[in-house]
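Quick look at what TrEMBL annotates:
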DOMAIN    61-181  domain 'ABC3 transporter permease C-terminal'
TRANSMEM  20-38  transmembrane segment
TRANSMEM  58-77  transmembrane segment
TRANSMEM  110-128  transmembrane segment
TRANSMEM  148-172  transmembrane segment
Amino acid sequence: MFRLTNKLAVSNLIKNRKLYYPFALAVLLAVTVTYLFYSLTFNPKIAEIRGGTTIQATLGFGMFVVTLASAIIVLYANSFVMKNRSKELGIYGMLGLEKRHLISMTFKELVVFGILTVGAGIGIGALFDKLIFAFLLKLMKLKVELVATFQMNVVIAVLVVFGLIFLGLMFLNALRIARMNALQLSREKASGEKKRSLPSSSNYSWFD
């Protein structure tokens with residue numbers, strides 16, 4: 001069964017790729033923006049310029065806001081995906097897969113999905129890192145220099161933050177599956193597939 005859930009996890013990501021596109025875009029955007037804010041906040045060169053301490057304090061507050069917003073966006077996108085996959089999970093349940101197998105399968109899906117999207121987001125952030133720093137210098141009417149700004153501690157911080165976010169997703173997904181039977185899973189699909197687009201937050205609840 002372990003090997004079966006491995007195969008199902010990969011095949012499900014491929015089969016449901018259109019459903020995962022908005023989720024992937026949300027994670028890419030969240031990781032990239034988070035990386036850039038972290039990179040600017042911890043950039044030692046900012047402390048060397050006039051008013052650098054104030055700038056870093058402002059960026060630090062922005063970093064907190066961006067991290068919180070990123071967590072909300074990613075959690076919301078994941079919930080949209082799970083709601084639209086309810087019928088599929090219900091069918092797996094009726095075919096004999098136990099809840100622990102479904103939980104294992106969705107866990108592995110998130111591991112693969114997270115590695116790909118978070119890794120890509122960090123790569124995009126590192127690619128635009130110099131340009132964002134140069135743009136900040138230009139806004140402050142300082143001499144623009146395209147200097148190396150890559151910081152391993154920023155990469156580690158972003159990995160830790162999104163690692164915790166994805167652990168939260170895994171817990172919520174496991175809780176959703178544990179609370180439902182096969183019939184409930186299949187019925188929930190009806191409320192989740194009205195449109196293949198992210199629903200408004202006013203009409204959404206974490207659990208039906």
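Backbone N, Cα and C atoms are what each Cβ position is placed from, and that goes for glycine too.
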- For the transmembrane segment (20-38), find every same-chain residue at least 6 residues outside the stretch whose CB is under 8 Å from a CB in it, and list them. 13, 59, 62-63, 66-67, 69-70, 73-74, 76-78, 80-81, 113-114, 116-118, 120-122, 124-126, 128-129, 132, 154-155, 157-158, 161-162, 197-198
- Please average pLDDT over the domain 'ABC3 transporter permease C-terminal' (61-181) for the predicted structure. 86
- Query: Could you count the residues of the domain 'ABC3 transporter permease C-terminal' (61-181) that DSSP puts in helix, in strand and in coil?
  - Reply: 101 helix, 0 strand, 20 coil
